[in-house]
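Notes follow once the structure below has been shown.
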């Protein structure tokens with residue numbers, strides 16, 4: 001049977017996708033498999049993270065903008081440290097464990113023992129220097145933040161490789177269960193401490209449970225405690241898998257893995273600079289200009305509006321979970337380059353559909369955050385464009401990962417990081433967080449273009465550029481028309497926007513119908 005609309009497989013459980021072993025494998029067959037895996041990994045990453053992000057309305061309602069700025073800033077630092085603690089070993093594990101001659105158990109044991117040592121050292125150092133670090137971050141009264149996050153990071157580093165092993169072994173159901181369990185614990189504790197205890201306490205109400213469990217002085221600390229509990233649950237659930245690591249480190253293997261992984265560490269750190277340095281630079285560049293309270297408020301507003309664009313980010317995250325092992329597994333098959341090209345096309349279709357859907361109904365979507373944060377909604381279309389560029393860049397990264405030229409990932413990431421830092425340094429004093437949003441778009445667009453041209457030189461993939469350009473241009477045109485077309489009345493506005501959205505979908509259907517029918 002030929003499936004005519006395979007991009008909907010991004011939302012269909014893998015259990016419903018069947019493959020006949022006797023049938024010829026076409027590029028579309030492989031894309032169906034990737035889409036099905038994306039759906040199952042998406043059950044934990046899209047659904048799980050979506051549930052987690054549903055806490056944003058609660059947090060923005062219960063915390064003033066400056067308090068939410070603390071949450072935004074702390075998680076920006078966490079993003080750096082989690083990459084540092086993994087030092088590229090997650091991708092290295094995929095690379096070395098999928099090798100035909102590899103002893104997968106030895107690879108797993110070597111990585112796990114190495115990460116155990118480095119994570120333990122990190123937690124010990126963070127605990128010992130908690131107060132000086134808190135002073136540096138201008139939270140001298142809250143050294144406990146440093147200790148809590150040290151344990152969160154240590155636990156997450158230890159569980160990263162067992163989770164990667166589940167992905168490599170196609171054990172998507174357990175992957176989803178573990179992820180969802182950790183996220184649900186985090187959500188439930190947020191609802192209890194912030195949505196129940198804090199909400200009633202602010203209304204002047206209390207009871208024995210609140211008196212027993214809640215300390216109003218803790219404030220945003222309850223968000224961090226809930227995260228720590230979720231990380232601990234994931235650790236406990238994966239402990240049997242972690243204990244399967246034998247007490248042996250293959251030193252020559254570890255050296256080879258580190259040589260492969262260290263450029264990815266540089267790339268990862270550079271990528272995190274591109275993703276989060278804007279919120280950190282906002283603090284350090286505005287702190288002495290407008291004061292502590294106003295600075296943290298700006299960070300909080302920017303961080304909350306960043307979350308409005310989460311739908312496209314969540315799809316990209318789910319896609320990456322499934323795509324990396326998929327690309328490695330099919331690298332030696334005939335027709336793999338065409339598979340990669342068609343994957344890119346369908347990826348762009350989904351991203352541009354999300355882009356138009358969110359922005360055409362932004363007046364509804366904005367209720368995701370508290371009205372106190374709406375002044376920053378102007379960054380949403382900029383950041384969504386930036387994330388599409390980033391998603392395309394992640395797709396293109398297949399060329400240097402499969403060809404073993406991971407140094408190019410480091411070079412591209414470093415170039416993007418330099419551009420991001422430079423533009424933020426230039427634009428933050430002039431435009432505030434709006435400048436940060438434009439810097440993000442400029443960085444990701446530059447990285448995307450550079451990666452494309454380098455990829456075509458060293459590992460050419462025949463991407464469907466004309467079709468990708470049509471979908472991207474159509475999405476931007478539809479959004480532009482919706483902004484500039486004068487409409488009076490809510491019903492007329494949404495009626496026009498709905499027609500625009502349906503027109504975009506009709507264009508996709510018309511262009512893809514013939515190629516999909518060919519399989």
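Backbone N, Cα and C atoms are what each Cβ position is placed from, and that goes for glycine too.
Annotation comment: TrEMBL describes 34-55 (among others) as transmembrane segment.
The feature transmembrane segment is assigned by TrEMBL to 108-130 (among others). Counting same-chain residues at least six beyond the ends of the transmembrane segment (108-130), those with a Cβ under 8 angstroms from any Cβ of the stretch are 81, 85-87, 89, 92-93, 97, 143-144, 146-147, 149-151, 153-154, 157-158, 160-162, 165, 242, 244-250, 253-254, 257.
Annotated transmembrane segment per TrEMBL: 145-164 (among others), in sequence order.
The feature transmembrane segment is assigned by TrEMBL to 176-201 (among others).
Annotation comment: TrEMBL describes 221-239 (among others) as transmembrane segment. For the transmembrane segment (221-239), the residues of the chain that approach it from at least six positions outside its boundaries are 59, 71, 74, 142, 144-145, 148-149, 151-152, 155-156, 158-159, 162-163, 177-179, 181-183, 185-187, 189-190, 193-194, 198, judged by C-beta separation under 8 angstroms.
Taken from TrEMBL, the feature transmembrane segment applies to 260-281 (among others). Beyond the transmembrane segment (260-281), the same-chain residues lying 6 or more positions past its ends with a Cβ under 8 Å from any Cβ of the stretch are 72-73, 76-77, 79-80, 83-84, 86-89, 91-92, 95-96, 299, 302-303, 404, 406-407, 409-410, 412-414, 416-417, 420-421, 424-425, 428, 433, 436-437, 439-440, 443-444, 447.
For the transmembrane segment (301-322), the residues of the chain that approach it from at least six positions outside its boundaries are 10, 34, 37-38, 40-42, 45-46, 49-50, 53, 56, 60, 65, 68-69, 71-72, 167, 278-279, 282, 347, 350-351, 354-355, 358, 362, 365-366, 368-370, 373, 375-377, 379-380, 383-384, 387-388, 390-391, 394, 433, 436-437, judged by C-beta separation under 8 angstroms. For 301-322 (among others), the entry in TrEMBL reads transmembrane segment.
Residues annotated as transmembrane segment in TrEMBL: 374-396 (among others).
Among the features that TrEMBL reports, transmembrane segment is placed at 408-427 (among others). Same-chain neighbours of the transmembrane segment (408-427): 263-264, 266-271, 273-274, 277-278, 281, 285, 397, 400-401, 434-436, 438-440, 442-444, 446-447, 450-451, 454, 458, counting only residues six or more beyond its ends whose CB sits under 8 Å from a CB of the stretch.
Per TrEMBL, the feature transmembrane segment maps to 433-455 (among others). Non-local neighbours of the transmembrane segment (433-455) in the same chain are 274, 278-279, 281-282, 298-299, 301-302, 376, 378-379, 382-383, 385-387, 389-390, 392-393, 396-397, 399-400, 408, 412-413, 415-416, 419-420, 423-424, 426-427, 461, 463; each lies 6+ residues outside the stretch with a CB under 8 Å from one of its CB atoms.
Away from its own ends, the transmembrane segment (467-485) comes close to residues 344-345, 348-349, 352-353, 355-356, 359-360, 381, 388, 496-497, 500-501, 503-504, 507-508, 511 of its chain (Cβ-Cβ under 8 Å, at least six residues beyond either end). The transmembrane segment feature in TrEMBL is assigned to 467-485 (among others).
Annotation source TrEMBL lists transmembrane segment at 491-511 (among others).
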